[in-house]
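> Below you'll find the structure I mean.
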Amino acid sequence: MGNNVVVLGTQWGDEGKGKIVDLLTERAKYVVRYQGGHNAGHTLVINGEKTVLHLIPSGILRENVTSIIGNGVVLSPSALMKEMKELEDRGIPVRERLLLSEACPLILDYHVALDNAREKARGAKAIGTTGRGIGPAYEDKVARRGLRVGDLFDKETFAEKLKEVMEYHNFQLVNYYKAEAVDYQKVLDDTMAVADILTSMVVDVSDLLDQARQRGDFVMFEGAQGTLLDIDHGTYPYVTSSNTTAGGVATGSGLGPRYVDYVLGILKAYSTRVGAGPFPTELFDETGEFLCKQGNEYGATTGRRRRTGWLDTVAVRRAVQLNSLSGFCLTKLDVLDGLKEVKLCVAYRMPDGREVTTTPLAADDWKGVEPIYETMPGWSESTFGVKDRSGLPQAALNYIKRIEELTGVPIDIISTGPDRTETMILRDPFDA
C-alpha cells in the first residue's frame, strides 16, 4: 500500500500530469505542490469542461481533498488571487480547500521586471523563461533576502524588508539593465491588500504531512515542469530554477524522504520541449508538424508552440535513475494514430563517433549528438478514448512493451484522451 505517491514529469514538462493527478486524487486526502510556481500549466478536462491551473494544486476541484502549496513553491500573490477568483466564480470554495506553507518565497513585481530585463539582455542567448519572475524569486531565497508568506504576519517589518530589497533590485534594473524602476508603494499596497487572505491559509505543512502519514491518509505530491528541466540534473543552463525530480518532494514539502512510497513518472508517447535547449530527437519535417497539430502542442502557460520529436528512451532512462521510478503513466498515445511507422531513440552517436546510452549533463555537451533510432510499425486504428488494453491495436501494444523493455519500468497507467475517464489504470499507485 502506497500512502505517499509522487506524480512527476519524466521529460521536459507538458507530459499530461494535471489530468493524472486529478484522476488519482479520487482516493487522496491531500494534494501537495512542492516546487515551481505559476510557470506550470496543468490542464484538466472534466465532463468536457476545461480548467487550466498554474499555481493551485490539481486536487482543488475535489471537495474531499485539501490542496497544499509547500515551501518549495515560489508564490505570486497576484497570480494566486487571480486563480482563486476564477475558481470561486465557478462555485469552487478555494479558501476552504487550500493551505500554504509560511516558508513559500513571494514573487513580487520586481522579480518579473528582472526576469524580463535579463531575457531581453541575453538576446539570441535567451533561456526562454516564462517571464513570470520564477528564477529571480528563487535567487532571492538562496541569497537569504527573499520575502516569504510568513513575513506578512508582521506588516510593519514586511514594509521595511521590502524597501531594502527593492532598493537593491531597482539599482540593478536602472543602472545595469537600463530598465524602469519598480514602484515601491504600489508593490507594498498590492501585497498588503491580500496579506490577510494569504496568512489565513498558513499551516505547518511538515507537521500536517507527518500526522497524515501516521493516520495512513493518502497524499499525492504533484510535480511541475519535468525531470530534464531540473536545476541540477537538467540540460543546464536551459533548465527551470527548482528541483523537479523526486528529491524535491522532501525538501519542498517537509515530508521525510523515507516516506515516499511510489513515484509515478508521466511519459508522453513522443517528446516535446518549450523554449531553447538540447533536443536530439526534434523533428523539423511533416511528422514533427503532425505531432504538433494532433497533440495540440501549444503551452498552457505561454501559448508558445512546442518543439516536437520522437520519444527519447535514453533521456527517459536518466529520469528513471534520478527519480527511482515505480511505474509510468503513458500519455497521448492517440497522437501517434495514423503514422505508418514510429521511432524510439535507443542510443546517441557522439561527435567522435562513439555510441552511448547515457545522457550528457551540461547543454554544451549535447552539441553534435545524433539520435540512433529503432523503427517500429505504426497503426492506423484509433486509440482515442480506448478504456481497455485489449482494445488497443497490436502495433500500439508492441510499442508500449518496447518502452517497458528499454526503460526497465512498467507502464501502470495508459491515457488515451484528455478526459479523466479516458484512462486505463493497470496498477493503482495507491495499491502498489
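Positions of Cβ are set from backbone N, Cα and C atoms, glycine also.
The following feature annotations were taken from Swiss-Prot:
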type	residues	note
ACT_SITE	Asp14	active site, proton acceptor
ACT_SITE	His42	active site, proton donor
BINDING	13-19, 41-43, Arg306, 332-334, 415-417	GTP binding site
BINDING	Asp14, Gly41	Mg(2+) binding site
BINDING	Asp14, Glu15, Gly16, Lys17, Asn39, Ala40, Gly41, His42, Thr130, Arg144, Gln225, Thr240, Arg304	IMP binding site
BINDING	Ala300, Thr301, Thr302, Gly303, Arg304, Arg305, Arg306	substrate binding site
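Give me the local environment of each listed feature.
DSSP assigns Asp14 (active site, proton acceptor) to coil in the three-state reduction, outside any helix or strand.
Mapped onto three states, the DSSP output places His42 (active site, proton donor) in strand.
Its Cβ placed at the centre, Thr43 (GTP binding site) has 18 other Cβ atoms within 10 Å.
Summarising the environment of Gly41 (Mg(2+) binding site), the number of other Cβ atoms within 10 Å of its Cβ, over all protein chains shown, is 20.
Around Arg304 (IMP binding site), taking its Cβ as the centre, 13 other Cβ atoms fall within 10 Å, counting all chains.
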> Mind giving me a neighbour count for Gly16 (GTP binding site)? Other Cβ atoms within 10 Å of its Cβ, every protein chain shown.
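Other Cβ atoms found within 10 Å: 21.
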> Which of the listed recorded positions (Lys19, His42, Arg306) has the least company, meaning the fewest other Cβ atoms within 10 Å of its Cβ?
Arg306
> For the binding-site residues Gly13, Gln225, Gly303, Arg305, Thr416, which one has the sparsest Cβ surroundings, going by other Cβ atoms within 10 Å?
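With the binding-site residues Gly13, Gln225, Gly303, Arg305, Thr416, fewest surrounding Cβ atoms within 10 Å: Gly303.
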> In the structure shown, with every protein chain counted, which of the binding-site residues Asn39, Thr130, Thr302 has the densest set of Cβ atoms within 10 angstroms of its Cβ?
Asn39
> Sequence order is fine: just name those binding-site residues in Lys19, Thr130, Thr302, Arg305, Arg306, Thr416 with a Cα within 10 angstroms of His42 (active site, proton donor).
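Hits: Lys19.
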